[in-house]
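Record features (TrEMBL):
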DISULFID  C167-C184  disulfide bond
DISULFID  C186-C195  disulfide bond
DOMAIN    28-152  domain 'CUB'
DOMAIN    158-196  domain 'EGF-like'
SIGNAL    1-23  signal peptide
Amino acid sequence: MFTRLAFPVGILFILICCQDASSRFTDCGGWLEKDKGVIHTPNFPARFPTPIKCDWVIHNPDPEKKIITYFTQYFLKNSFHLSEYDEYKNEHDYKGIQYLGEINYENEYTSLATYKPYLVIRFKVHEIGKMHLRVEEFLKDVYGFNITYEIVDNRQDIRETCSAHDCSFLGHCVASSNYENYRCECFPKFFGEYCQYGPFCDPDKGKNMCENNGKCR
Ligand SMILES: *[C@@H]1O[C@H](CO)[C@@H](O)[C@H](O)[C@H]1NC(C)=O
């Protein structure tokens, strides 16, 4: 019995594994059933491997609840797509799709609420190219994202959170351990609620690099 089965399974495996060897994708993503969690690119905030394709499926079986995604640490210009579904088994087997669009850090999104039972986040990149963001010239580059989601009662308000924009791109926006509060954690030498102050811009020392009465932020 075993050998009879193993043969066709072996062939199937070869067909799947070597079909498209020239553009093999790194495995990541996953199926998320918990009521809150973090979703991040491999190695965040360091570079993720390419080519890469990840699908995260957030499942909310309760019609009285919604999924809220908070774009806390989000540093992509493209390649991040959101869709919601009535039913979802895999990328070829689903029902009732609604495409929600591509998220770009320039949109300044901080959160998104969805009401269907499945939210699928697709991240697909062949080459890193110019899609990532240089956060601060002399500090570091940040690649990809590290965001949070929550499944909550339909009546609950969206929380006040932050994003890379709010933290002036000089810090990371992170959730408290219970995901109820969010704040900016500034890079070394930067400070202020929004990391808006630093070596060139320090109200205590009367420093302001902005000319013509501009405000530093
Ligand atoms: C990812 O996000 C979570 C929640 O905001 C935070 O606690 C964690 O420190 C972040 N990880 C990194 C590597 O920034």
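Glycine residues also receive a Cβ, built from the backbone N, Cα and C atoms like all the rest.
Model, not experiment: these values are computed from the prediction.
Over all protein chains present, the Cβ of C195 (disulfide bond) has 24 other Cβ atoms lying within 10 Å. Taking all protein chains in view, 24 other C-beta atoms sit within 10 angstroms of the C-beta of C184 (disulfide bond). C167 (disulfide bond) and C195 (disulfide bond) have their C-alpha atoms 6 Å apart, to the nearest angstrom. Counted with DSSP, the domain 'EGF-like' (158-196) comes out as 0 helix, 11 strand, 28 coil. Between the disulfide-bonded residues C167, C186, C167 has the most other Cβ atoms inside 10 Å of its own Cβ, all protein chains included. A gap of 7 Å separates the Cα atoms of C195 (disulfide bond) and C184 (disulfide bond).
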